[in-house]
């Protein structure tokens, strides 16, 4: 009951701000914890199978979360292995085999599904190209930015100017002629090589951790509460919290070193720490029956504390009443744009009670003869709030609009859509008749125009066509 309470109150990211990495790590870790417990305690096959399937489902959502949960699951495996050796009996070898063999099969199944998935994609040349391009893209835009000067000499050798680099970093790599797969791979390698030679000091890591303010994170608070309660009520397993905390710190340091620290990963780390410690509470269920009254009282107190701490989330946020259609985009962006950071305001911000700003959507829907490129940074964090999640969009709805460049760049279906408007090279196609650009950032707009001037049209310019609900629509001319 206590575990459920803490998860409900402090892991609400999973069902309030849904994100595939968070969902995947919860499935892998929760499934893994139950699977190990079921094997160690020789529970029913039903529990073993269901927990294994949950773990597999998580790896199918995002395979790499297995490496995040793996460190914490290793702690549990080592703990149970030591118990097996300590409590030897006539069947201890058989029990040990029965403990490890299913785990090996589960890991093999996860790896096998991964290989099958990759083989299916790679069997189609278009999808294979898309995946290779996407991998190179991720290695560029997800890496730390040391500035063009840091890579200038090497990037110039492959034809990447400073303006080209700015387009790469701002999700505007929409030209397969200039930003070809070969160029993207080489650029990714250049950036990676520089990062490997760059040093990050211990002081910088500690300063970074302080700036993230981890003790304000709900997941960290939940772990601290459970750790204190373990010391008070389950002192037999008190030390189990130390390796869980240590593993969490190691993961945090690792992500700081590779400079890939984002909230969805931090959430996964604290969730794994919490579930790792939960495992040892479950093991002492029988011993805990002696003081059920104490546990009930503790649960009541914790519930009260959680309700008080979380009650602010349920106080109606009335600020949306003052938001006009023109300012709605800024209202949403102010809180939700930095999706990579934790921000407590996100949990009570109201975006679905005032009338959605459907002006841009209406513009796109009512002008099927036009094609609209949506700048990634301008629309990615805001536009999806204008659709009703309970309404299914008709098939082939997105036939005259696409993100200018995104994780879907070179996706086969997107290429087919672009080909209908002769816009296979989006940057160059901005000058085509009936092709428009939605971009509300003067910097990214200017970078695109400069790119056209450097590579295609020396006299390229942009004129504002319309401004709808904070979204600026531009038409590019070549003279």
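Sequential numbering from 1, following the chain as shown.
The backbone N, Cα and C atoms fix where each Cβ goes, glycine too.
In TrEMBL, annotation is done automatically, which means it is predicted and not curated.
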*Taking 274-294, 295-315, 316-336, 337-357 as the choices, which stretch does TrEMBL tie to transmembrane segment?*
295-315
*By a Cβ-Cβ criterion of under 8 Å, what residues six or more beyond either terminus of the transmembrane segment (52-76) are in contact with it?*
20-21, 23-36, 102, 106, 109-110, 113-114, 117, 240, 243-244, 247, 250-251, 265, 268-269, 272-273, 275-276, 279
*Report, as numbers and ranges, which residues of the same chain sit near the transmembrane segment (21-40): CB under 8 Å and 6 or more residues beyond its ends.*
11, 13-14, 47-48, 50-59, 61-62, 65-66, 68-69, 72-73, 76-77, 80, 83, 98-99, 102-103, 106, 264-265, 267-268, 271-272, 275-276, 278-279, 282-283
*Same-chain Cβ contacts of the transmembrane segment (96-113) under 8 Å, 6 or more residues past its ends?*
35-36, 39-40, 42, 48, 52, 55-56, 59-60, 63, 66, 77, 80-81, 84
